Amino acid sequence: MAISCAVGMEMQEPKMNGTLSTGAAAGYRQEREGFLPTTHGPAPGRKPVQFLDFEGKTSFGMSVFNLSNAIMGSGILGLAYAMAHTGVIFFLALLLCIALLSSYSIHLLLTCASVVGIRAYEQLGQRAFGPAGKVVVAIIICLHNVGAMSSYLFIIKSELPLVIGTFLHMDPEGDWFLKGNLLIILVSLLIILPLALMKHLGYLGYTSSLSLTCMLFFLISVIYKKFQLGCVVSHNDTVVESEPAPLQAFNSSCEAKLFTVDSQMSYTVPIMAFAFVCHPEVLPIYTELCCPTQRRMQAVANMSIGAMFIMYGLTATFGYLTFYSTVKAEMLEMYTQEDLLILCVRLAVLLAVTLTVPVVLFPIRRALQQLLFPSKAFSWPRHVAIALILLILVNILVICVPTIRDIFGFIGSTSAPSLIFILPSVFYLRIVPADMEPLFSWPKIQALCFGVLGVLFMAISLGFMFANWATGQSRMSGH
């Protein structure tokens with residue numbers, strides 16, 4: 001339900017040496033009780049701190065759709081593979097931990113935004129560390145989202161020729177107009193670019209709801225195929241028939257692992273982290289949320305993360321219990337191309353990732369504008385040029401780079417822990433003043449430990465990944 005929002009009184013500039021204006025301090029106290037939503041209202045006679053340069057018009061439900069769509073992405077196709085290399089119980093435990101940690105990190109971000117009245121990720125970096133912090137944050141956001149956009153276009157590049165070839169009864173490898181490189185350029189120009197040129201993110205909520213519907217159809221189909229196929233695989237690990245599996249196949253391949261650790265953890269854990277990154281999109285969605293408060297936005301985040309945790313868990317579990325240890329990094333490759341239901345699933349996934357690209361493009365453009373044009377008014381030529389240049393660069397990357405696996409692993413091991421763990425924790429330590437939270441208070445100790453956890457996660461993941469690259473295990477595993 002859309003509600004008309006009133007903008008609160010102007011907030012004074014906070015000081016970084018430990019003091020806040022009365023209005024800002026009151027607003028901070030109202031919002032700091034915890035990262036789960038509560039029923040406490042604003043203190044009597046006080047107005048909550050509001051963002052002043054934009055009056056949000058996006059409803060609560062549409063914001064949930066936008067953030068859910070920002071969370072849900074190409075990583076969902078690799079979660080069954082991640083479960084195959086961690087085990088059912090270990091995977092679900094890791095997935096739950098990452099979901100809870102993501103919610104906590106959003107709490108840290110929203111607290112910082114409420115304290116200083118800033119709702120742009122890169123501006124929080126500037127407030128915490130000056131111009132250098134702004135540049136570092138902008139670079140991390142751009143790299144992560146370029147990686148996300150690349151993974152979406154990789155899916156289009158690999159799946160769209162198969163879909164069109166199936167409809168036209170043609171060989172995708174033999175006809176020049178079915179080449180993936182040509183098709184991603186056409187999709188980028190005809191579909192993605194027009195959506196990316198919208199001025200406000202809220203309008204994309206309608207495409208977000210459609211995208212989430214497509215991925216829900218993907219989940220339902222994976223569950224259905226589990227019960228239809230059982231565990232039937234051919235010698236090349238691709239499902240060929242819809243008949244019960246022979247006993248020997250079940251004995252050799254169809255045994256679920258509850259807990260396991262192997263060298264592919266260097267890819268599986270980053271895939272899970274990559275699957276929950278939505279932090280660059282949180283503050284833009286917060287800006288456009290109608291009647292924005294920290295509790296209201298935290299409720300949006302909790303609902304979105306909870307829904308995606310359920311969807312991820314079900315998809316990974318039923319996908320893994322269909323293919324077990326033979327499952328590939330992109331689960332759709334396991335199904336036969338002639339299956340009508342899977343053909344519809346491929347269409348749904350293609351539609352979902354295509355409509356997600358414009359949502360991911362928004363924070364990249366915001367970061368570049370804050371970095372390169374901080375004092376410039378809105379300009380349509382600049383708005384269009386940034387979107388066009390970004391799409392050109394990502395298309396070149398997708399055309400030149402042959403595999404999606406190392407992008408998943410590298411982005412999930414570098415920018416993902418930076419955005420989930422490290423940046424929110426250091427922002428909290430630097431921005432929240434000492435008179436609100438002393439340096440050795442429990443919330444700041446928690447934030448410090450959270451940041452250290454992110455550094456350890458990054459170091460361990462990169463260490464395993466570089467070891468795999470050095471020994472050639474990545475290539476031998478088909479990456």
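Yeah, the Cβs are placed from backbone N, Cα and C, and that goes for glycine too.
According to DSSP, Cys231 (disulfide bond) is assigned to coil rather than to any helix or strand. Per Swiss-Prot, the feature disulfide bond maps to Cys231-Cys254.
Marked as N-linked glycosylation site by Swiss-Prot: Asn236.
Of all Cβ atoms in the shown protein chains, 11 besides its own fall within 10 Å of the Cβ of Thr471 (site 'Involved in pH-sensing to the transport activity regulation'). Look at Swiss-Prot and you will find Thr471 tagged as site 'Involved in pH-sensing to the transport activity regulation'.
What Swiss-Prot lists as topological domain 'Cytoplasmic' is 1-58 (among others), and the listing cites sequence analysis. Model confidence over the topological domain 'Cytoplasmic' (1-58) stands at 44, taken as the mean pLDDT rounded to a whole number.
Residues or ranges marked as topological domain 'Extracellular' by Swiss-Prot on the basis of sequence analysis: 82-97 (among others). Long-range neighbours of the topological domain 'Extracellular' (82-97) within the same chain, counting only residues 6 or more positions beyond its ends whose Cβ lies under 8 Å from a Cβ of the stretch, are 256-262, 264-265, 267-269, 271-272, 309, 312-313, 316-317, 319-320, 323-325, 327.
Residues annotated as topological domain 'Cytoplasmic' in Swiss-Prot, with sequence analysis given as evidence: 119-135 (among others). Residues 16, 51, 109, 112-113, 141, 279-280, 282-284, 286-287, 292, 363, 366-367, 370-371, 423, 426-427, 430-431 of the same chain lie 6+ residues outside the topological domain 'Cytoplasmic' (119-135) yet bring a C-beta within less than 8 angstroms of a C-beta in it.
Per Swiss-Prot, topological domain 'Extracellular' is recorded for 157-176 (among others). Long-range Cβ contacts of the topological domain 'Extracellular' (157-176) within its own chain (Cβ-Cβ under 8 Å, at least 6 residues beyond either end) map to 182-184, 187, 330, 332, 337-338, 343, 346-347, 349-350, 398.
Feature annotation from Swiss-Prot assigns topological domain 'Cytoplasmic' to 198-202 (among others).
If you look up Swiss-Prot, you'll see 224-264 (among others) marked as topological domain 'Extracellular'.
According to Swiss-Prot, the topological domain 'Cytoplasmic' annotation covers 286-302 (among others), on the basis of sequence analysis.
Among the features that Swiss-Prot reports, topological domain 'Extracellular' is placed at 324-341 (among others).
Under the heading topological domain 'Cytoplasmic', Swiss-Prot lists 363-383 (among others), citing sequence analysis as support. Remote same-chain partners of the topological domain 'Cytoplasmic' (363-383), defined as residues 6 or more beyond its termini with a Cβ less than 8 Å from a stretch Cβ, comprise 120-123, 134-135, 137-138, 141-142, 145-146, 197, 199, 280-281, 284, 390.
Per Swiss-Prot, the feature topological domain 'Cytoplasmic' maps to 428-446 (among others).
The feature topological domain 'Extracellular' is assigned by Swiss-Prot to 468-479 (among others).
Residues 1-3, 91, 95, 148, 151-152, 154-155, 201-202, 204-205, 207-209, 211-212, 215, 218, 268, 271-272, 274-278, 281-282, 285, 288-290, 296-297, 299-301, 303-305, 307-308, 311-312, 315-316, 319-320, 322-323, 327-332, 349, 352-353, 355-356, 359-360, 404, 408 of the same chain, all 6+ positions outside the transmembrane segment (59-81), place their C-beta atoms under 8 angstroms from a C-beta of that stretch. Annotation comment: Swiss-Prot describes 59-81 (among others) as transmembrane segment.
The annotation transmembrane segment is assigned in Swiss-Prot to 98-118 (among others) on the grounds of sequence analysis.
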Cβ density check for Cys231 (disulfide bond), other Cβ within 10 Å (all protein chains) comes to 20
Same-chain residues at least 6 beyond the ends of the transmembrane segment (177-197) with CB under 8 Å of its CB atoms are 153, 156-158, 160-161, 164-165, 170-171, 204, 207, 354-355, 357-358, 361-362, 383-384, 387-388, 391, 394-395, 398-399
Cβ atoms other than its own within 10 Å of the Cβ of Cys254 (disulfide bond), all chains, total 20
Its residues classified by DSSP, the topological domain 'Cytoplasmic' (363-383) shows 14 helix, 0 strand, 7 coil
If you count CB pairs under 8 A between the transmembrane segment (98-118) and each of 136-156, 303-323, 407-427, 447-467, the winner is 407-427
